[in-house]
Amino acid sequence: MNDEIYPVPTSWAQEAKIDAARYAADYARSLSDSSGYWLEQAKTLNWITPPTLADESSFAEADFGVRWFADGVLNVSANCLDRHLATRGDQVAIIWEPDSPDAAPRHITYAELHADVCRLANVLKAQGVRKGDRVTLYLPMIPEAAVAMLACTRIGAIHSIVFGGFSPDALAGRITDCDSRIVITADEGRRGGKAVPLKANVDAAAELVTCLDAVIVVQVTGGDVPMKTGRDHYYADVMAAVSLDCPPEPMSAEDPLFLLYTSGSTGKPKGVVHTTAGYLLWASLTHNLVFDYRDGDIFWCAADVGWVTGHSYIVYGPLANGATTLMYEGVPNWPTPARIWEVVDKHKVNQIYLAPTALRALMREGDSFVMQTSRASLKLLGTVGEPINPEAWRWYHEVVGQGRCPIVDTWWQTETGGHMISPFPGATALKPGSATVPFFGVEPKLVDADGKILEGAAEGNLVITRSWPGQMRTVWGDHERFFQTYFSTYPGTYFTGDGCRRDGDGYYWITGRVDDVINVSGHRMGTAEVESALVLHRSVAEAAVVGFPHDIKGQGIYAYVTLNVGEEPTDELRQKLVKWVRMEIGPIATPDALQFTPGLPKTRSGKIMRRILRKIAEGDVSSLGDTSTLADPSVVDDLIANRVS
Ligand code: WTA
C-alpha cells in the first residue's frame with residue numbers, strides 16, 4: 001500500500017483543459033450519453049462525410065464486432081497535414097534530433113511534410129500499391145518513417161511497421177502474414193553510435209518470403225549495401241521522379257489504417273488491426289487532454305515508431321493536433337546519461353513521455369547528469385509501458401521535474417490504440433505507482449478468476465466492459481482469434497491480460513500481466529515465442545520460459561532448457577543458445593538466464609507448471625506450493641539445485 005498523495009498544483013487546477021469538475025461531468029456523460037458525447041468529440045476531426053452513428057459494437061458472441069462512426073468518410077493524412085496548411089504551414093511539424101549530438105537536427109514544417117508525403121504516396125502508386133494493400137516499414141527513427149506512414153494513409157494502403165531491432169526471421173514472418181509486396185527500409189540505422197544493418201536484414205528476410213517484389217531504401221549512413229536490380233530502389237531517386245500532387249483517398253471510418261504485430265500468450269505474434277476514424281480520434285483526443293497539449297508546445301515521446309506508443313504519440317496524435325513533435329534517432333544514455341535532458345534543453349521540450357525502464361537506468365547513474373541541465377522548459381512528465389516503481393516515480397518528479405511537473409502514468413496497450421487509464425494533470429491527485437483513473441468512455445472493472453465482478457477496493461483481473469473508439473477491430477486474417485483471445489475468458493467484456501488493484505479512492509494500480517506475456521524493458525514478449533525459438537535449435541528437446549524481476553528491465557527472461565539425448569550441457573552451448581534466440585527474434589528477446597535441466601515440472605496430464613518455474617526463477621524457493629500433483633516431483637530439487645542466479 002502506498003498512501004502518498006500529490007495534490008494537483010493550483011496553477012494546473014486553474015488552467016488545465018480538464019479540471020476536476022470537468023473530468024467528473026464529462027466522464028459521467030461519456031458513459032450515460034455515449035453517442036452524444038462521441039459524435040461531439042468526432043467534430044474535432046476533419047470529415048469528408050461526418051458520421052451520424054457512434055458506437056455500434058458488441059462484445060457478445062452472437063453479434064460480436066467493434067464498429068464506430070461507420071457511416072463517416074475521412075482521410076488520416078488530410079487530418080494530420082492538409083487541414084493545418086492554411087494556419088500553420090510554416091510551423092515545424094517534426095523536430096528530428098540525430099543519434100550523434102554533433103550532427104545537425106532537422107526541422108520539417110507542415111508544408112514540407114505534406115509535400116514529401118504526397119510524393120511518397122505517388123511513389124507507392126507508381127509501384128502498384130492500391131487501397132487496402134499492405135506496406136511493411138522497417139525503418140530507423142528518421143522523419144521518413146512518419147512520411148512513409150502518412151503516405152500509406154494518403155492512398156488508403158495499410159502500413160505494418162516492424163521494429164528495427166527484429167531479426168530477418170521475425171521480419172519475414174510479419175511480411176508473409178500480411179502478404180506485403182513492398183518494404184520501405186534504410187541502408188542502415190544509427191543507434192548509440194552503432195550501425196544497424198537494416199537493408200542486410202531485409203535481404204535476408206527476402207530469402208524467406210515469396211511475396212516481396214519492391215524495396216525502397218532510404219540512405220541514412222550511406223553505407224555500401226547491395227541493391228538488387230529491378231527490386232530495390234533508392235528513396236531519393238524514386239521521390240525525384242514523381243509529382244507533388246496527390247489528392248487524399250476518401251476512406252470509410254472503418255477501413256483499416258494500420259496493423260502492428262504484438263505478442264500474446266500463445267502462438268505467433270498477431271497483427272493488431274486499427275481502423276481509420278476511431279483510432280485517429282482516440283490518439284488525438286488523449287494526446288490533447290492527457291498531456292494538456294497547447295499550441296506552440298514541443299512534445300517529445302521518446303518511444304520508437306516500431307511500437308504502438310510511437311504510432312499514437314510521435315505521429316498520429318500530435319500531427320492530428322497540429323503539434324510540434326520531436327523524434328529522436330538515438331538511445332537515452334548515449335553518449336552520456338545526460339543526453340535525454342540535453343535534448344530537452346536544446347529543443348525546449350515541454351512534455352516528455354518515457355518508459356520506466358529508461359528512468360531506472362538513468363537513475364542508477366546518479367543525479368549529476370540531470371542536474372547539469374536546466375530542464376526549465378518541462379511542464380509535464382509522462383510514463384508508459386510497465387508499472388512504475390514509486391522510487392523511480394519520485395526521482396522523476398523531484399529530480400527531473402524539480403517537483404514542478406505533474407506525472408501522467410498512462411496505462412494502455414497496442415490493442416487499445418491510446419491511453420485508457422491515466423491521470424489528467426489538472427484534475428487528478430497523483431499516487432506514485434498508480435495509473436489512477438479511466439479516460440472518457442472507458443469503463444474498467446475488476447473480476448475474480450470466475451469472472452465475478454468485484455466492487456469497491458479489490459484486486460483482480462482488469463476487464464473493460466464497453467467499447468471505445470480506439471479499440472482494435474480484429475486480428476489480421478483471423479477474426480476468430482480476436483474473439484477467442486480477448487472476449488471469451490470473461491464473456492461480454494474485453495480482457496486486458498493485466499492484473500489490477502483498485503483502492504478505496506477508486507484509483508487503479510496495474511500489477512502486471514496475468515498471462516504468459518512478459519514485459520522486458522517496456523517491450524512485450526510472449527514466452528511462447530522465446531520457447532519456439534529455442535526448440536528450433538537442433539540441440540534442444542524442450543524449453544520453458546518465464547519472467548523474473550529485474551532491477552532495470554522490470555522483467556528479465558529466464559529460460560529452462562532440456563537438451564536432446566547425447567547433448568552436453570556446457571557453458572559454450574548455453575552461450576550459443578542465448579545468441580541463437582537473439583538471432584531468431586532480435587536482441588530484445590535475449591535470455592538473461594538459461595538453465596539446463598533434465599526435465600520440466602509437469603502435471604500427470606503433461607502440462608508444464610509455470611508457477612513453479614516462476615518461483616524458482618525469482619529465487620523464492622521456500623513457497624513452491626503443492627508439488628505433489630507433479631508427474632515426477634524430484635525434478636523440482638534438481639531445478640532448485642541448479643538455479644542460475
Ligand atoms: C503494460 C504499450 C502498468 C501492461 C502502450 C499492458 C503498463 C502492456 C502501463 C501493453 C502502465 C503499459 N502501468 N503497466 N502505465 N502501460 N503497461 O501493447 O501490462 O506494448 O498490458 O502497449 O504493457 O504493452 P503494449
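Just so you know, the numbers here start at 1 and follow the chain as drawn.
Positions of Cβ are set from backbone N, Cα and C atoms, glycine also.
A TrEMBL annotation is a machine prediction, not a hand-curated record.
For G193 (CoA binding site), the same-chain residues 6+ apart in sequence whose C-beta sits under 8 angstroms from its C-beta are D99, S100, W334, P335. The CoA binding site feature in TrEMBL is assigned to R191, G192, G193, K194, T309, N333, S521, R582.
Sequence-distant neighbours of G385 (ATP binding site) (same chain, 6+ apart, CB under 8 A from its CB) are A303, T309, A355, P356, T357, N519, G522, H523. The annotation ATP binding site is assigned in TrEMBL to G385, E386, P387, D409, T410, W411, W412, Q413, T414, D498, R513, R524.
The Cβ of H537 (Mg(2+) binding site) lies under 8 Å from the Cβ of K576, L577, W580, each on the same chain and at least six residues away in sequence. The Mg(2+) binding site annotation in TrEMBL covers V535, H537, V540.
TrEMBL lists 23-80 with the feature domain 'Acetyl-coenzyme A synthetase N-terminal'.
TrEMBL lists 529-607 with the feature domain 'AMP-binding enzyme C-terminal'.
Here TrEMBL flags K607 as N6-acetyllysine. If you draw a 10 Å sphere around the CB of K607 (N6-acetyllysine), it holds 11 other CB atoms from the protein chains shown.
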Residues among the binding-site residues W412, T414, R513, S521 that border ligand 1 - Cβ under 6 angstroms, in sequence order: W412, T414, R513
Spatial separation of P387 (ATP binding site) from S521 (CoA binding site) - C-alpha basis, Å: 11
Site extent for CoA (largest Cα pair distance over R191, G192, G193, K194, T309, N333, S521, R582, Å): 24
Mean of the pLDDT scores, which run from 0 to 100, over the domain 'AMP-binding enzyme C-terminal' (529-607): 95
By Cα-Cα distance, the member of binding-site residues W412, T414, R513 nearest K194 (CoA binding site): T414
Set of same-chain residues at least 6 away whose C-beta sits under 8 angstroms from V535 (Mg(2+) binding site): A541, E542, A543
Those residues of the chain, 6+ apart, with a Cβ under 8 Å from that of R191 (CoA binding site): D99, P140, E329, G330, V331, W334
Spatially closest candidate among G192, V540, R582, the listed binding-site residues, to T414 (ATP binding site) (Cα to Cα): R582
V535 (Mg(2+) binding site) in three-state DSSP notation: helix
